[in-house]
Structure formats: C-alpha cells, structure tokens
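Trainee: The following feature annotations were taken from Swiss-Prot:
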- 31-98: domain 'BTB' (DOMAIN)
- 133-229: domain 'BACK' (DOMAIN)
- Ser300: phosphoserine (MOD_RES)
- 317-380: repeat 'Kelch 1' (REPEAT)
- 381-429: repeat 'Kelch 2' (REPEAT)
- 431-469: repeat 'Kelch 3' (REPEAT)
- 470-529: repeat 'Kelch 4' (REPEAT)
- 535-581: repeat 'Kelch 5' (REPEAT)
Amino acid sequence: MSTQEERQINTEYAVSLLEQLKLFYEQQLFTDIVLIVEGTEFPCHKMVLATCSSYFRAMFMSGLSESKQTHVHLRNVDAAALQMIIAYAYTGNLAVNDSTVEQLYETACFLQVEDVLQRCREYLIKKINAENCVRLLSFADLFSCEELKQSAKRMVEHKFTAVYRQEAFMQLSHDLLIDILSSDNLNVEKEETVREAAMLWLEYNTESRSQYLSSVLSQIRIDALSEVTQRAWFQGLPPNDKSVVVQGLYKSMPKFFKPRLGMTKEEMMIFIEASSENPCSLYSSVCYSPQAEKVYKLCSPPADLHKVGTVVTPDNDIYIAGGQVPLKNTKTNHSKTSKLQTAFRTVNCFYWFDAQQNTWFPKTPMLFVRVKPSLVCCEGYIYAIGGDSVGGELNRRTVERYDTEKDEWTMVSPLPCAWQWSAAVVVHDCIYVMTLNLMYCYFPRSDSWVEMAMRQTSRSFASAAAFGDKIFYIGGLHIATNSGIRLPSGTVDGSSVTVEIYDVNKNEWKMAANIPAKRYSDPCVRAVVISNSLCVFMRETHLNERAKYVTYQYDLELDRWSLRQHISERVLWDLGRDFRCTVGKLYPSCLEESPWKPPTYLFSPDGTEEFELDGEMVALPPV
C-alpha cells in the first residue's frame, strides 16, 4: 500500500464557507468592525474586508489607532458603492451597470479593491463609444487607469470629427488636448478640422486659456491647410496674437509633412470568409484597394467564425454578427479536395472592427443565434434581420436592433414571412428586405412592415444595393416555376447576368440592361457602391477553373454596364464561393500587404516550370 499522502480539494467546502460568512454578515453575527459612511453603518468582519481590500488590510495591520477601533468613519466614499463592494467581498457577485460603474470604480480605487477595479475597467472599455469616449478619457486620466485611457483615446481619435464639438471636449485638460491634437492617428480627412477643434477649445474660456495659445496651435500642421484657410486665419487674428500664432506654428514645422491617419485611408472592397491558404484555418479576410490595385491582409474573425452578416455604417464602422464556429475537439480536415469533417455551433456573436488596431472587438451579443443574417444601418441603429437559425421558422422571422450608444439589443416587429435567405438595403431611412420575388419595407418610426411591389423574376442568392432612390437586385439563381430547379439568372451559360431596378418613389420594378459577362461566369455577384458608383464584383471563370475577377460599373442614364477594372491574378486569388463583400475605408499603414505567390494548384505534375498568367508566361520559383 502506497504511503504517499493523498490530497483532494473540496470545492464545495469553499462555497459553503463563503455562504456561511455571508449569513453571518446578514445576521450581524461575530462582526468586529463597523464602517460609517454618510451616517449609514455597515457592520462587517475585519478578516473579510482585509482579504479583498489592500486599504483595509493596511489599516487593520498597521498598529495605528484605526486597527483597534470598532467604528471607522470613511470620508469621500459613496455609501451605495461601498455597499456593493461589501456584498462582493462576501459573495463574489458584482452587478455593474451604466449608472453605478463610475462611482463604483472611484470607491474601489480609494479602497484598493483590485478585483472590482478590473471588472469596472472591462465594463467601461466595452461601453466606450462616440458619446462617452471624451468623458471616459478624462475619467481614466484622473484615476491613472492606463488601459481605459488608451482605449478611450483610440475612440476619440477614430471619432474625432464627431466629438470635437462636445461639451466634454471643451472641458479637456490642456495636457489631454495636446496629447490628442498631436496624434498622428486622428481620423480626419482635412487638417482644417484639427484647427477648428483647437480654436473652439481656446475660445471656450479665452481668459484662462490664452496662456496655452502657442502650445495648442503648434499641434496644427499648417502645411496640410489649404492656402485659402491659412490666409483667412491669419487675417482674422488680433494683432497681439499673430506673433504668438507664428511662434506656435513654427514649433510644428518638423511635423509639416506627416499626414494624419485619416488622410491616408482608402476605399477598399472587404472580403470576409474568403478561402484560406493557411492549413490551420478554414477562412481568411482580405481587402482590395482598386486605386492601388493591392491586396491587404485583414484580421480574420475570432475562432474561425463564418457565415456571418456584415455591415459598414455611414460613419465607416464595420460590424459582423452571428455565424458558426467549429466545435472544440472535433476532427477537422482543411484539404480542399477532401470532405470537411468539422461540427459547428451557431452563435449570436457581435463584433466591431478596430481599423487602427486591425482587430475585432467583441460587443454585446445578439438576443438570437443567427446564420447569415442581413445587417443594415438605419437612423443610427444596426438591424439584424432573419437568417437561418436553430429555432426554425419563428426565429427566421425575428428582427432585432442594436443601439451603438447603449451597446444593447432590443426586439422589433418580426418579418411577415420566414426566409432562409434574404438581402436588405436602406433607402430614405426605410429598410427594404428582398427574397425570391417578394419585397417588404420596414418603417422604423412606426415599427411596421408593408409588402411592396413584386419583382418580375424569382431569384435567390442575388445581391442588392441601394443607389440614390433606386434599389438594384442583381444576379443570383433563377427558380424554375415547375421544377424548382435553380438556374443562373440571365443566360444558362452565364454569359449575362440579370438586373432589376426598383424605384422607391413609384413602387415599381423594371428590367435593366444585363451585365455582359463572359461564359460560365458566377451568377452570384456582389453589388457594391464604390467611389460613388454602382459596381458589381464578379468571377468570370467557372468555379472549377482558375479564378479571374472583374468589376463592372453601371451608367444609370445610358442603362449600360461597362468593364471598370480587370483584377490581375497576381493580386487576387481564389476567394471561394461563400465570401462576404462590402466596402469601407481602411488605413493601408495599419494593414499588412499580402505578398504575391503562385497557388499550389498551378504547379503542373508533368514538371512544367512556367504557366500563363494575365496573358504572360510566368516562371515558377525554384524549390
């Protein structure tokens, strides 16, 4: 028999002990200290307080008078916040909300309760938005919370054009203002915005802030200002201020030629869930700049998340929602020639893309799990519409709305019908949802749905885009009336793609010119608005052949499609079948340019050392 001592940890005993301490606290048994705040008494146990708070631990172990007292008065402490901290000490439970978190953080900071501080930090970082980021920046600076401060600062930089007129911005300290105005990461397209922000802050309290005139104006990069702005600005200055302004601008001279981050952003086509060349991952995300004809790597959604909904807001915020993730401990075969052996779980995840950090940031999940929901932004809210789900027909009808300021979802009126697939667009603050030959319009202010005119053709997996007061429904698969067989829209051989246009003012559909694609083009195109033009991104080769992509542009007056750009095979390789495509403005300097390399399936088994690419013969690299 082994003499080795056997040790087991009884976790149930630990839980029981905590419950017993809580019972003693509630019944005021064996208490040995009374905390007094604003006339309210809190009988407690020194041992419990010292366990969670460095402040109380130092107080009770110092040997000073407080360590021997039975009653301790705490000043500058909020009674409600103290009650929450005491409850946490006895239970480990902490209910944080918008109305209590800042006072709770302040009290926990004074009492040095690190667990509560961490919970509050995580909550505040998650809640940062354009409405509160400036205030939270000042709050974090006051309490020396560097993690919260950096997160708030990034949001101020990202939303600068929306926040620099806020009252909280006017009340920023001089040091924080300089930190912001000097940042290379300001998301501004013109330096005039920075100049205006600086002048507004100085003029908010001219008497007390005149001493900062030189230091504030030295953050303006005068070379980036237009000549008209420079001349008008100097002419409008009081004579006594001109020398100070010149001195301040002279200090900014070394930064003259460095543009702000927002001045470098490019409108790009963003591809989510593209086929991945990485054997350890199913999917990848890339973006393509039509101006530079370059492809950049985008941070892929966490945990191989796929079958998501995507949306880009008018403020250029990118969100994804729903989808599926692979289950853990399941065998996965990522080979393109083998059948996938992965089990998936449907999720209600919701992420915001931090373009400066090139990372996905989790937000409050949706109320329902959804696969490929339609996402749109209407009147400042994000709507998640339908999508396939595990809840059957009822769940497919559900619609929920996300409040970006409150970071919360609420349900709205459901769809009149249940669909596994739909496309949605926004025109004149109304949401239009389409599938097959049906279309419904949602009016947010009355929370109601109305059936609109039916289309002339019944198509699934089409792409929809709003352009002016018109809705374009393009491509997809035509549903044969009798057999239900899905055929390419337009011609059977894929040499043209069907287009229908809806006029929201007349409530009527009409056929438009087909897209003159090549034979065997993929009918499931992606319609986007880029550079203020309606375009279609499509694959002009059969799915079994090498991928060749093009974009077509539509001329509304002439009702004609023309080839806009042929995308070189050197730039963009096979994206697969199910990728999402949207358009947003991104910063090339924050992305990694994707290097060109010949795909493995181009290597010929007969030993050929070159192949044709874009009409040229390209030699394979040496092995």
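Placement of Cβ uses the backbone N, Cα and C atoms for every residue, glycine included.
Quick one: how deep are these features, and who are their neighbours?
Mentor: The secondary structure of Ser300 (phosphoserine), as reduced to three states from DSSP, is coil rather than helix or strand.
Per-residue confidence over the repeat 'Kelch 1' (317-380) averages out at a pLDDT of 85.
Counting only same-chain residues 6+ beyond the ends of the repeat 'Kelch 3' (431-469), those with a CB under 8 A from a CB of the stretch are 374, 376, 378-379, 381, 383, 385-386, 399, 412-413, 415-417, 419, 421-425, 475-479, 481, 486, 489, 498, 500, 502-505, 507-509, 511, 524-529, 534, 536, 554, 556.
Broken down by DSSP into helix, strand and coil, the repeat 'Kelch 5' (535-581) contains 0 helix, 22 strand, 25 coil.
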Trainee: Looking only at the domain 'BACK' (133-229), what are its DSSP counts of helix, strand and coil residues?
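Mentor: Residue counts in helix, strand and coil order: 71 helix, 0 strand, 26 coil.
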Trainee: Give the residue counts of the domain 'BTB' (31-98) per reduced DSSP state, in the order helix, strand, coil.
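Mentor: Helix (H, G, I), strand (E, B), coil: 31 helix, 13 strand, 24 coil.
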Trainee: Mind giving me a neighbour count for Ser300 (phosphoserine)? Other Cβ atoms within 10 Å of its Cβ, every protein chain shown.
Mentor: 21
